[in-house]
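Annotated Fe cation binding site per Swiss-Prot: His114, His118, Asp301, in sequence order, evidence recorded as sequence analysis. Feature annotation from Swiss-Prot assigns substrate binding site to Leu136, Val137, Ser138, Gly139, Gly140, Asp169, Gly182, Asp186, Asn275.
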Amino acid sequence: MADRYILAVESSCDETSVAVLKNEKELLSNIIASQVESHKRFGGVVPEVASRHHVEVVTLCIKDALSEAGIVAEQLDAVAVTYGPGLVGALLVGMAAAKAFAWAHGLPLIPVNHMAGHLMAAREVQELEYPLLALLVSGGHTELVYVSEPGNYKIVGETRDDAVGEAYDKVGRVMGLTYPAGREIDELAHKGKDVYDFPRAMIKEDHLEFSFSGLKSAFINLHHNAEQKGEVLVTEDLCASFQAAVLDILLAKTKKALERYPVKTLVVAGGVAANQGLRERLAEEITDVDVVIPPLRLCGDNAGMIALAAAIECDKKHFADLDLNAKPSLAFAGFEE
């Protein structure tokens, strides 16, 4: 049987990435052009700046991905692209590049949900056993997803307000930490103590929804009041207390979901899955199912994960026409025509 090659393009936010996947899960290349330095001074992603950077580098990323993979365009079998969710301008740049490439080389186009990419990044670790449950945690999303079979996704719980990664960045900004703040807060938390009493919203309620806005507000109020009174707060303890509250919420809801949906595998993915505190708590507290977390290099936004998700859609022959539109608010409902 001939080898199958898929070129994948990801541009949903502030990373321009192109990857080449051989067969089901062998990543031959995964080029990532990060824009973090460009957005740091703004304390967050500026959509117009992100789109401009994507335009500047996406063609070069495609060339580099093919070169590193050691193949030429004529060997490709399909082109995959993130079509949502994400920033509409950023999505459109990657989609335009992918559609043009697919048209020029007569290749089918595979539309991929960005969050399916995060989830399916776990395929590089091991073959996944279905049905499974996934905790997806990133800058824009916090959701529990039940996957009955490859490509069939159902949200069973999600945040009512802030995503967990968004909360990290907002409290990081209050403390004067560099954007994105997640890694630094995690590192500082390991040096501090959980001494500040922050709320754990809805932690004892029976549903599977999350809320982080109250925790974020409590943190901001504590920090503001201390500044007004001239009090000095220990940054390491602030981070430890904030992270303890976040992880208590995530673990409590995940455990409830596992009780409700008896599965053998829990996938934890998304940018926040790189958090060492989260990984430690998962290892300590969830021992009756197989916990699968993508390697650090596949936790943040990257085209490798899009390619891994695309392989499943390709198997099902889920292709799109070249008039495919970006869906910035795309929700998990499996494949959308």
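Cβ atoms here come from the backbone N, Cα and C positions, even for glycine.
Taking the C-alpha atom of Asp301 (Fe cation binding site) as reference, the shortest distance to any of the binding-site residues Ser138, Gly140, Gly182 belongs to Ser138. For Leu136 (substrate binding site) paired with His118 (Fe cation binding site), the C-alpha to C-alpha distance reads 7 Å. Looking at Asn275 (substrate binding site) and His118 (Fe cation binding site), their Cα atoms lie 15 Å from each other. Of all the binding-site residues listed (Gly140, Gly182), Gly182 sits in the most crowded Cβ setting, with the most other Cβ atoms within 10 Å. Other than the site residues His114, His118, Asp301, same-chain residues with C-beta atoms no more than 8 angstroms from the centre of those residues' C-beta atoms, the Fe cation site, are Glu10, Ser12, Thr82, Met115, Gly117, Ser138, Gly270, Gly271, Asn302, Met305, Ile306. In the three-state DSSP assignment, the secondary structure recorded for Ser138 (substrate binding site) is coil. For the pair His114 (Fe cation binding site) and Gly182 (substrate binding site), the Cα-Cα distance reads 20 Å. Between the listed binding-site residues, namely Ser138, Asn275, the fewest other CB atoms within 10 angstroms of a CB are found at Ser138. A gap of 9 Å separates the Cα atoms of His118 (Fe cation binding site) and Ser138 (substrate binding site).
Between the binding-site residues His114, His118, His118 has the most other Cβ atoms inside 10 Å of its own Cβ, all protein chains included.
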